[in-house]
Amino acid sequence: MIDSKQKIAVLGAGSWGTALAALVARHDYPTILWGRDVRVIQSIDIQHQNFRYLPSIMLPQTLRATTDLAAAVSGADWILVAVPSYAFTETLCRLAPLLSIGVGVAWATKGFEPGSGRFLHEVAREILGGDVPLAVVTGPSFAKEVTLGLPTAVTVHGEDVCFTQMVANAMHGPMFRAYTGNDVIGAELGGAMKNVLAVAIGVADGMQLGMNARAGLITRGLNEMLRLSAVIGARPETLMGLAGLGDLVLTCTGDLSRNRRLGFALGRGQSLSDAIREIGQVIESVQTSDEVMRQAEQNGVELPISEAVRAVLREEITPYAGMKALLAREQKPEYLDILFKANCSL
């Protein structure tokens, strides 16, 4: 039974924040959505539509929206942050002095902190302190499909079991499954890397390289996820689940994926600036490719697909040159090490 006093504040009125706010509002949780754009907030609060990011989709009439951050978080039982990665640090800095004791913070932001390459849970812990319950929401989920009520499955990872379950319970419903776990690093890694890898698949599709190439890039991209996860302390099963493989497949094959659309445009010969302008929304891979490679270089892990994507997004090489370089790599064993080690205690 839902606690009638429980209130959820969602920070970020883009497509994903709006979708998640609408989801929990439909599950009868008192929900308020915060955003910066006055016109967007007014359209949500008055017309019950996000005219900019989710046009023509009706939102629950019980969903409230505001541009006042203090008003949004006042009395909230927990907070869900759904802003782009470049705004994550600033948003938490503004939130910290407004946060009441015992209020947990979850986020559906994917990526790393731009510039430092830090995982977002590291940023959150530093800004919010050690006593605030934290959790990350991730998995294969297009905002439009969630808002339309189409079947979706995500996973919520956090060290605080009670808070993690609270977040999952609010989201879980007839058309939305929310699983739980405690591998925050793995969950964040999958959500960040899939955006970079989706650009490579988009490029291949734009160049009309065929379904074989797409399948090969997705599989070898998953291998890159697993190899990096092995050296940073993430669990391979997390990357083989919704947070990794699930999100990777959706982002690499779905036409709603902005990162795939960016790669597709580049593969068709469009310039980076024109492609970004045409898509018209934040494309996480543009910054995340730098941070993924920063993690790889710091840990001595070779990520050829991610490295090629970074070079293309920096406009150091053409998409054609990037694909040619990947195909010209020397022959080698498919696996250089055991990715999954048997647990004899099971």
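Any Cβ shown, glycine's included, is placed from N, Cα and C.
Features of the protein shown, as given by Swiss-Prot:
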| type | residues | note |
| --- | --- | --- |
| ACT_SITE | LYS194 | active site, proton acceptor |
| BINDING | SER15, TRP16, ARG36, LYS110, ALA143, ARG258, VAL282, GLU284 | NADPH binding site |
| BINDING | LYS110, GLY139, SER141, LYS194, ASP247, SER257, ARG258, ASN259 | sn-glycerol 3-phosphate binding site |
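Overlay of Swiss-Prot feature records on the structure.
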residue	record	DSSP class
SER15	NADPH binding site	helix
LYS110	NADPH binding site	coil
GLY139	sn-glycerol 3-phosphate binding site	coil
SER257	sn-glycerol 3-phosphate binding site	coil
VAL282	NADPH binding site	coil
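Counting other Cβ atoms within 10 Å of each Cβ, the lowest count among the recorded positions SER15, TRP16, ARG36, LYS194, SER257 belongs to ARG36. Cα of ARG36 (NADPH binding site) to Cα of SER257 (sn-glycerol 3-phosphate binding site): a span of 24 Å.
Summary: among the binding-site residues (SER141, ASN259), the fewest other C-beta atoms within 10 A of the C-beta are counted at SER141. In this structure the residues listed as binding NADPH are SER15, TRP16, ARG36, LYS110, ALA143, ARG258, VAL282, GLU284; their two most distant Cα atoms lie 22 Å apart. Neighbour counts were taken at the CB atom with a 10 A radius for the binding-site residues ALA143, VAL282; the maximum falls on ALA143.
The Cβ of LYS110 (NADPH binding site) has SER85, THR138, GLU188, GLY191, ALA192, LYS194, ASN195, GLU284 as same-chain neighbours under 8 Å, each 6 or more residues away in sequence. The sn-glycerol 3-phosphate-binding residues named in the record, LYS110, GLY139, SER141, LYS194, ASP247, SER257, ARG258, ASN259, extend over a maximum Cα to Cα distance of 16 Å.
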